[in-house]
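Peer 1: First the structure, then my questions, so here it is.
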Amino acid sequence: MKIGVLALQGDVEEHANAFKEAGREVGVDVDVVEVKKPGDLKDIKALAIPGGESTTIGRLAKRTGLLDAVKKAIEGGVPALGTCAGAIFMAKEVKDAVVGATGQPVLGVMDIAVVRNAFGRQRESFEAEVVLENLGKLKAVFIRAPAFVRAWGSAKLLAPLRHNQLGLVYAAAVQNNMVATAFHPELTTTAVHKWVINMALGRF
């Protein structure tokens, strides 16, 4: 199974390793391709969009032609996993905890509202246990994490967390062929990557 990892920024290698390990666990041979230009999306069965800095990812994707190409692939049914900044990049509505509306380039494929830097900057990074109803309890690493605050359409918010200022927020979301996490599953677990592989296999 050919799986792409958007390689504009972020922990590309960790996602590649997580997909390979997840593939072994479900009995699928995974070939990971670094996606740096639209042609790299050819024949991929799933795609990961790693963390990094969401504004930079958006600008680079726009400049390389990947913004439209990735959007088309996801809207065409390719299962996609967006983590941290990658999740922000997938959201239709993005605000910053400090500056408000950002106007940054996004894919806008998921019916979710996201608050960037909801838990503060790098020094407020933390670990927590989250519950994803279909995957159970997961150890989650949050690094300058966003929070998911609203969903509409067929999108569903998962992994509830209590936030000091925002109240009840969520650390994950799912909609059709898309999964978004505010945390970095590639650092602690293969469960989320297995979920995406199973989506590609038609098991979810």
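From the backbone N, Cα and C atoms, a Cβ is placed for every residue, glycine too.
The active site, nucleophile annotation in Swiss-Prot covers CYS84. Here Swiss-Prot flags HIS184, GLU186 as active site, charge relay system. According to Swiss-Prot, the feature L-glutamine binding site maps to GLY52, GLU53, SER54, ARG116, ILE143, ARG144.
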Peer 1: Using DSSP reduced to three states, classify SER54 (L-glutamine binding site) as helix, strand or coil.
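Peer 2: Note: SER54 (L-glutamine binding site) is helical by DSSP.
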Peer 1: List, in sequence order, the residues of the same chain other than GLY52, GLU53, SER54, ARG116, ILE143, ARG144 whose Cβ lies within 8 Å of the centroid of the Cβ atoms of the recorded L-glutamine site.
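Peer 2: Here the nearby residues are GLY51, CYS84, ALA85, ILE88, ASN117, PRO146.
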Peer 1: Measuring Cα to Cα, how many angstrom lie between ILE143 (L-glutamine binding site) and the residue listed as 'active site, nucleophile'?
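Peer 2: Cα-Cα, rounded: 8 Å.
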Peer 1: Hey, what's the Cβ neighbour count for ARG144 (L-glutamine binding site) at 10 Å?
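Peer 2: Other Cβ atoms found within 10 Å: 19.
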Peer 1: Tell me which of the active-site residues CYS84, HIS184, GLU186 ends up closest to GLU53 (L-glutamine binding site) in space, Cα to Cα.
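Peer 2: The smallest Cα gap between GLU53 (L-glutamine binding site) and any of the active-site residues is with CYS84.
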Peer 1: Taking just the CA atoms, what is the gap between GLY52 (L-glutamine binding site) and GLU186 (active site, charge relay system) in Å?
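Peer 2: About 13 Å separates the two Cα atoms.
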Peer 1: Spatially speaking, which of the active-site residues CYS84, HIS184, GLU186 is closest to ARG116 (L-glutamine binding site)? Use C-alpha to C-alpha, please.
Peer 2: CYS84
